[in-house]
Amino acid sequence: MSHPNWNRVVIKVGSALIAPNQQGCSSHYLLSIAQFIVRCRANGTQVVLVSSGSVAAGSHMFADQEKSNIAVKKAMAAAGQTEMIATWDRLFDFPSAQMLLTHADLRDRERYVSIRETIFSLLYNNILPIVNENDTVTTDKLKVGDNDNLSAMVAAAADADALIICSDIDGLYNKNPHEHDDAKMLKSVDTIDESIYAMAGGAVKGGVGTGGMRTKIEAAEKAVSHGIDTYIINGFTELSFNMLLAGENPGTHFRPFKKPMKENEHWMRHTSNAQGEVIIEGNFDGTLITDSDQLTSSEIIGVNGEFSVGDTILVRKEDGTKLVKAKSNYSSCLLNFIANQESDEFAHEFEEKTGPIISDQHVANLEKE
Ligand code: GLU
């Protein structure tokens with residue numbers, strides 16, 4: 001078989017490959033990954049690398065410290081990140097670029113578009129983007145939390161054809177292969193449903209990294225809906241990479257949707273999350289999906305959270321029913337103000353001038369908000 005016909009791939013490499021014994025970075029497992037990247041590029045395939053490992057690489061510098069302390073962990077990430085980037089950079093004779101992102105960056109449409117432009121510009125100039133989460137500035141509210149999901153968001157932002165997630169086992173098994181001798185690996189998955197998540201098990205930690213098989217399936221779900229072929233492979237063996245380059249599947253292949261979501265729809269569903277809520281009257285019987293079914297301020301009875309123009313919000317009824325996720329064209333402050341006006345006339349005049357309160361409505365995935 002010939003090499004696959006990809007224009008662009010994202011490869012996600014976890015901490016266990018970079019700093020296997022947490023004594024700083026080791027190039028032991030990275031050599032075959034770097035070789036894969038070099039060969040992809042030689043075949044005309046652009047590559048984006050999502051690399052974990054900053055915390056694992058930096059931990060040896062904090063020998064006497066409490067490793068679970070968040071401030072110490074962030075310091076380990078800051079110190080380990082330079083070591084990790086330097087290790088990768090040494091393996092290539094072309095330039096690489098560090099991109100540190102948070103979920104707060106990705107869920108903001110303007111910053112998201114800017115991230116896309118930066119990736120395209122780096123690739124156009126034959127520079128390898130190396131992405132990691134910016135662990136030093138994240139809080140629970142601002143982080144993606146694991147690089148599996150981050151890699152899927154990056155693959156969507158980069159319009160990649162394939163996402164390759166390196167694991168420490170060969171792929172997804174129908175049951176835990178460490179516990180069951182008769183466990184079988186799935187060669188391909190057409191639909192990711194609860195049965196697939198059940199095979200992945202709970203939020204199992206994979207040693208030095210953050211994700212387990214579950215976050216890899218979440219990542220695959222995000223990627224395939226954007227039309228991206230996704231592979232979970234064993235990143236510890238060179239054979240996996242040789243097989244990929246020969247157009248063969250070394251692990252589990254998650255087949256992409258035949259009709260992928262549009263870029264902005266995918267972003268609204270999988271990357272953006274609601275910054276606040278608009279509560280509307282319980283007897284509202286519209287769906288808010290079409291533009292003709294617009295929200296008016298007289299139906300709004302409450303505004304929760306603080307959000308700015310352009311942020312994603314959740315619209316729900318007072319009984320809790322979630323109606324849509326949408327872009328707010330008003331800030332929370334302004335919406336509060338117009339919703340609290342005694343006379344509807346003022347608000348209506350205002351809306352006529354300023355335009356619809358929400359746009360880009362999306363109904364799926366509301367349960368996660
Ligand atoms: N961003 C973290 C790091 O570089 C890793 C997150 C993960 O393991 O998924 O250490």
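Using N, Cα and C of the backbone, Cβ positions are placed for all residues, glycine too.
The feature domain 'Aspartate/glutamate/uridylate kinase' is assigned by TrEMBL to 7-234.
Under the heading ATP binding site, TrEMBL lists K12, S167, D168, T210, G211, G212, M213, R214, T215, K216.
The number of other CB atoms found within 10 A of the CB of N147 (substrate binding site), across every protein chain shown, is 26. Residues annotated as substrate binding site in TrEMBL: S52, D135, N147.
Within 10 Å of the C-beta atom of D135 (substrate binding site) sit 23 other C-beta atoms, taking all shown protein chains into account. Between the CA atoms of D135 (substrate binding site) and T215 (ATP binding site) there is a gap of 18 Å. The full span of the recorded substrate binding residues, S52, D135, N147, taken as their largest Cα to Cα distance, is 11 Å.
The secondary structure of M213 (ATP binding site), as reduced to three states from DSSP, is helical.
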